[in-house]
Structures are given as structure tokens and as C-alpha cells.
Amino acid sequence: MAGQTVIVSGLNPAAILQSTIGGAPVAAAAENGHTRKVVPLSKDALQDFMVSIITQKLQDDKQPFYVLDLGEVVSLMEQWNSALPNIRPFYAVKCNPEPSFLSMLSAMGSNFDCASRAEIEYVLSHGISPDRIVFANPCKPESDIIFAEKIGVNLTTYDSEDEVYKIRKHHPKCELLLRIKPMTDGNARCPMGPKYGALPEEIEPLLRTAQAARLTVSGVSFHIGSGDADSNAYLGAIAAAKQVFETAAQLGMPKMTVLDIGGGFTSGHQFTTAAPAVKSALETHFHDFPELTIIAEPGRFFAETAFTLATTIIGKRVRGELKEYWINDGLYGSMNCVLYDHATVTATPLACMSNRNNLNCGGSKTFPSTVFGPTCDALDTVLRDYQLPELQVNDWLIFPNMGAYTKAAGSNFNGFNTSAIVTHLAYAYPN
């Protein structure tokens, strides 16, 4: 099946497409009336697929590109449903809003966490209904609240009295989730606690404020922070959430029915340790809430490993043993994750021009290397003292695990347009 092009399309961007490959569903939505091509591959053929894309490029078209492995997305959803079957994912759109990726997640049952009017409009444009959206931003512009009321997004978060007043004025039928601050951020790469979440002493006053405003507080939300967080952080946060449920009951408020455990999940070892801890904590603290709806806001769990970035070497300089390379994406583009998401990127050579018989330069001597991005800012340095074989201009560097907070947060600085980077679709089967 490898190399065969399968064209799939749907009536709208959220349609579950009926094409199958080897019995496995392939979902990729029609975008703005255009079909997308999905290439089925064996798991170890992704590199060959990338080489085929590079080979088909014109001599003057060496722009970076992504490959989205839809097979990886299916695998991750299967892992989620197996490990946390009673927790409904609301994918964090901010992490990566690539259209076919969102359509795939939607087709597999994911709902969506949006933080702005623009994100809500984007999700709705894919045919996804507003009742599948949580407006998970505790501090929203009044204009966004008015928009949410107009189109029927009726679940949001809050952690301040002023937010209650805005919602009471503009969207009184909206159900609220009280965002609380976890006791620990679990050593997350991107902690959320300094900015969001009610402190313990603020919880009862905030519940009373919502009660006085005649708003419905349906439950509690928290976020332990993004990226590699210690799974034990979920334990304390879930226990604290239960205390909020009890406080609301003591105040005579309607019984809470929703618990939002936020994000912070990373695929791999962190998830395999976090999922049992979450299940255990929920059983301990919420076993007497059989009708409880539990949701989560995973972003990088689904996005990070599903995307691979290919970049061209556009410049080279040799200083003794040190090899310096310039590539056509960098810290002002996809690699902004190095600065803002505290990510560590890795690179694999693809010597399409200089060594076609040994694309990965296996067995070749390696040298300490620096990889710069394309802009004129010296800060735009992707890798330092990184071991690479000697490469040439027009060779390529491949960056795996580039789906989380990459293209979505890139800029157009110096005229390098991150948003213009094309994404190719593949469906890789496990070996």
C-alpha cells in the first residue's frame, strides 16, 4: 500500500470520511471545497515519503513543509480511550489548529477547548457544533462573551468576580466552571498557576458571587501546567476540586456535574504514569458522583508526535571543526517552541543533494554543529554544539515531534511566513 495515493473528501470539514485503507478508517476533510490527499505508508516509510515530496519540488521551491501522520493521531486516540475511557477530550485548539488534524480529531469524537472568539469561529467553520466547545479562558473580552451567547457556546471558565459580572450582563444562560489553582504545577515546562486559578480562600466568595448573580456553576476546572508535568500534581488538584464540590453543596447551590481536569498530558511515559494516577484519584474522591461528566483539555498529547518538519539548508560556514548551517525555518517560525514552550528539538539529516545513496549519512563522521534560523537576529539559533555529519546547501534537516505550539505561534518576521508552510498528509501503519 505504501506510496498509493488515496483521495478522500467529505461533505463538510467535520465529516467522517468513508474511505478505508486495510480496514483502518482514514479521515481527512475537504477544506474550502478542496479534497486532500492521504498517502498510506508503513511506519518506517515516512522518510521515503518526505524524500518523494522533496524530489517533486521544483529547483527553486525548497520551502519547509510538515508531514502530518494521521495514523499516529488514530493511535493516540486509541491510547486515550483505553487509558481514560470515561474522560472526554476537548482538544486545545491553540496547540495546533491544522484543519485536517482538527477534522480527524472531530471524526474520532473529540470536542474542543477554545480560548478566543477567533478559535471558536475557526472550529465552527469546520462544521463542529457549538455544544462541543468549552470556552476555557477565565478572562474574556466582553465582545467575545457576547459572541459566545449569540452562537450558543454555553460553557466557560471563570476565576474572578469581574468575570461573573461580565457573564451575567452578556450571557446569563452560560454555565460556569470555577477555575482553581492547583497546589503544585508538577514541574511543568509551562506552569499556569501564576496567571490563572482561584486560591483556596477565594473559592467560597467566588461561588457566592455567581450564586448571587443567579448563574449556574456546573463544576470545577484546573490545569496543572503544560508539558512533562509530574502525575502526582493531578492527585492534589482532584482532591481540591472535590472540596469545591462540597463547598458548593454547603452553600445550597445546585449539584455540580462537571469536572475539567485540564491538560498537561504528554504522550509516552508521562501519560502511562499519569493516567492511572488520575483514575485512582477520581475513584477516591468522586466515586459517589456516578453522573459526573469528566472532561480534559489535551493539546500536545495529540499534536506533538503527529507532525514532522522538513527544512532546507540554505547556507553553510566552516570554522575549523565547527560546521554552521542556516535553515529556512527557525525561532521566529516553527521553532518558537524552543523559547516559549521550553522545548528541546532534535534534527536528522536528509542528504538529498550531497549523498543520495546514504540519506541519513549513516557511518559518516559527525562534527559539532550550529543550526541557525533564517532571520537576521542572532537569537535565531535552533541548535548549538549538536553532532551532525557534514552537510551541504540544499540538503535537508528533519525535525520530529514538531506538532505542539510550533506553526501555531510562528510569526512573519523578516518576511519568513510561518503560516504559509504546507502540511502533507500521510497515514502510517504500525510495523
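Yeah, the Cβs are placed from backbone N, Cα and C, and that goes for glycine too.
Annotated features in Swiss-Prot:
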| type | residues | note |
| --- | --- | --- |
| MOD_RES | Lys94 | N6-(pyridoxal phosphate)lysine |
| BINDING | Ser226, Gly264, Glu297, Pro298, Gly299, Arg300, Tyr405 | pyridoxal 5'-phosphate binding site |
| BINDING | Tyr340, Asp341, Asp377 | substrate binding site |
| ACT_SITE | Cys376 | active site, proton donor |
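Overlay of Swiss-Prot annotations on the structure.
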residue: Lys94; record: N6-(pyridoxal phosphate)lysine; Cβ neighbours (10 Å): 18
residue: Ser226; record: pyridoxal 5'-phosphate binding site; Cβ neighbours (10 Å): 27
residue: Gly264; record: pyridoxal 5'-phosphate binding site; Cβ neighbours (10 Å): 34
residue: Pro298; record: pyridoxal 5'-phosphate binding site; Cβ neighbours (10 Å): 28
residue: Gly299; record: pyridoxal 5'-phosphate binding site; Cβ neighbours (10 Å): 26
residue: Arg300; record: pyridoxal 5'-phosphate binding site; Cβ neighbours (10 Å): 27
residue: Tyr340; record: substrate binding site; Cβ neighbours (10 Å): 11
residue: Asp341; record: substrate binding site; Cβ neighbours (10 Å): 20
residue: Cys376; record: active site, proton donor; Cβ neighbours (10 Å): 8
residue: Asp377; record: substrate binding site; Cβ neighbours (10 Å): 14
Residue pair Gly264 (pyridoxal 5'-phosphate binding site), the residue listed as 'N6-(pyridoxal phosphate)lysine' - Cα distance, angstrom, rounded: 14
Most distant Cα pair in Å, residues Tyr340, Asp341, Asp377 binding substrate: 19
Separation of alpha carbons, Asp341 (substrate binding site) and Tyr405 (pyridoxal 5'-phosphate binding site) (Å): 7
Annotated pyridoxal 5'-phosphate contacts Ser226, Gly264, Glu297, Pro298, Gly299, Arg300, Tyr405, maximal Cα-Cα distance (Å, integer): 15
Alpha-carbon distance [Gly299 (pyridoxal 5'-phosphate binding site); the residue listed as 'N6-(pyridoxal phosphate)lysine'] in Å: 8
Proximal residue to Pro298 (pyridoxal 5'-phosphate binding site) among recorded positions Tyr340, Asp341, Cys376 (C-alpha distance): Asp341
Alpha-carbon spacing, Gly299 (pyridoxal 5'-phosphate binding site) to Asp341 (substrate binding site), which is rounded to whole Å: 13
